[in-house]
Amino acid sequence: MASTLFYNSMNLSAAVFSRTHFPIPINKDFPLEFSPCIHTDYHLRSRTRSGQKKCLTEVRATVASPTEVPSAPASTQPKKLRILVAGGGIGGLVFALAAKKKGFDVVVFEKDLSAVRGEGQYRGPIQIQSNALAALEAIDMDVAEEVMRVGCVTGDRINGLVDGVSGTWYVKFDTFTPAVERGLPVTRVISRIALQQILARAVGEEIIINDSNVVNFEDLGDKVNVILENGQRYEGDMLVGADGIWSKVRKNLFGLNEAVYSGYTCYTGIADFVPADINSVGYRVFLGHKQYFVSSDVGGGKMQWYAFHKESPGGVDSPNGKKERLLKIFEGWCDNVIDLLLATEEDAILRRDIYDRTPILTWGKGHVTLLGDSVHAMQPNMGQGGCMAIEDGYQLALELDKAWKKSSETGTPVDVASSLRSYENSRRLRVAIIHGMARMAALMASTYKAYLGVGLGPLSFLTKFRIPHPGRVGGRVFIDKAMPLMLSWVLGGNSSKLEGRSPSCRLSDKASDQLRNWFEDDDALERAIDGEWYLIPCGQDNDASQLICLNRDEKNPCIIGSAPHGDVSGISIAIPKPQVSEMHARISYKDGAFYLTDLRSEHGTWIADIEGKRYRVPPNFPARFRPSDAIEIGSQKVAFRVKVMKSSPGSVEKEGILQAA
């Protein structure tokens, strides 16, 4: 006996169709297992002042004699070289850790570690790719293990580029194979706050002076004095400027040199949202004309997204207007984009203009050098900005250690300047190439055109003919050939410089057995979607109808008609409308896909995709439909939107359906 669902204009809770928002405080997204409060009694003495209070969350650091800079751990032979680091971001902390592990005295000056330097909030979680994880392993295996444990693995799934409107795959990236073949860790995504706290704890609270903003320095030849915003001075043997894209150290080295505006502003947010394909897809870049959108799994049932839009810098949104503006900008795009926007609270959306810096040949002078964004700030499209800073930190510590060993062998003073130039020379070419790749990736993502006519104004009518744009076709051929080589070099090109690290992979990083099949077969990837399929009313005559949860039992199809049919096998769905025939259509399931069969209905059955292509289903012939398609029963007035969701039916009614039309 079939179970029957009646469809009419019965009242249904408005919650089913509400656009639910989820409160997502950025600073609570990734709780850590260790205490957020760190205390220190680290003492340094200023040349001008004493007794000043500092704080790192709740860190106190009084000023004492420079000669009382904490020594290296007992397990490491101290090396009489004091290194001053301007900036306690990821690059500065990684270098400080690497230098500390080599036995050097290190002091890190950070203007506001407790706020993740502001940029951590704007830039959200950070992708630590295989090359950077390997460098962390070479620096400190325990720290690398903790980062990989706290982070969310994305490299074991499909990643790549998709069409922003249709949601279809353009190019897939294989970041798993290059890592495994070279014995590297698999790419992770981790909260910036979590990463910074892991690094700060490993560096040691006694080494970091918070609330200390380096604004200038004096290179005295064999010594360097740093000058803080409050007038205090500290002396060291060298200075590393790791103070970000707006670096004061860089400015004082080379004069004022404006950062380059990318042409894009970026909105970012985190949503409590789990896509139906979470087990098979790690991150996606949705391509469009003068705009693009990036989404990534960051673990813990959350998704991070970035929305890029071409416009002049300095724009300001109206109060509580960011989300509304984004929904207008990305109107008509696929559900993967719109659902994330709808699931994000207004207060969780942040905006910043994107800048980078053109690579320069000279990174430093004398006993001063630069590291990370202070010298090679990149656009975020490659996910390699932080990774390059980590590689910088490893290489700089290595070159200083080589100089120290040479000094010990020859009995001569450490040649600090030569070691800094050696570091700069070893990093310059690789960083410049990846910087250029990041710019090129932004250009490609925002100039993508699916069909002829896109962006052509009066000729935009050509898009209805769906003639593939030549750039799209040629670009795909090029990327298919170049991407494997590029990824292999980006992820593994620095491995030979990691002294003492043995190539190795973790069994826990094992990918799905279907990964290779998913790369080669879009259909197999779609069939792997693990979620509930729903038909959501979107027609004029059935807005108040209940949603339909489709049955994945191959032996029990759904029968749609104007009246219930208790004498058929399966679920009978009754839609008492004049356009619906008594026995109108059947929805069946087979091998991970759903099919719609018209049962010789009087008014016909149609399927329309998200791009507007509409066709009539032939009688008695099963036609496959896909997520985001619209199914019309008899006419456009009785229509349903196909949606696949990870949520159970109970939570769907509780939280509300997202985009339904």
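Cβ atoms here come from the backbone N, Cα and C positions, even for glycine.
Keep in mind that this is a model prediction, so the values were computed, not measured.
Per Swiss-Prot, the feature FAD binding site maps to 82-110, 360-373; the stated evidence is sequence analysis. What Swiss-Prot lists as domain 'FHA' is 558-607, and the listing cites sequence analysis. According to Swiss-Prot, the transit peptide annotation covers 1-50, on the basis of sequence analysis.
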Local confidence of the domain 'FHA' (558-607) - pLDDT mean: 91
Lowest local Cβ density (other Cβ within 10 Å) among binding-site residues: Val94, Val106, Leu361: Leu361
Number of helical, extended and coil residues in the domain 'FHA' (558-607), per DSSP: 0 helix, 23 strand, 27 coil
CB within-chain contacts under 8 A for Asp373 (FAD binding site), separation at least 6: Gly89, Gly91, Gly244, Ile245, Ser247, Arg357, Gly385, Ala389
Number of other Cβ atoms within 10 Å of the Cβ of His367 (FAD binding site) across all protein chains: 23
Densest Cβ neighbourhood among Arg82, Lys100 (binding-site residues), 10 Å radius: Lys100
DSSP three-state assignment for Val106 (FAD binding site): strand
Around the Cβ of Gly88 (FAD binding site), the count of other Cβ atoms that are within 10 Å: 29
Local backbone state of Arg82 (FAD binding site), from DSSP in three classes: strand
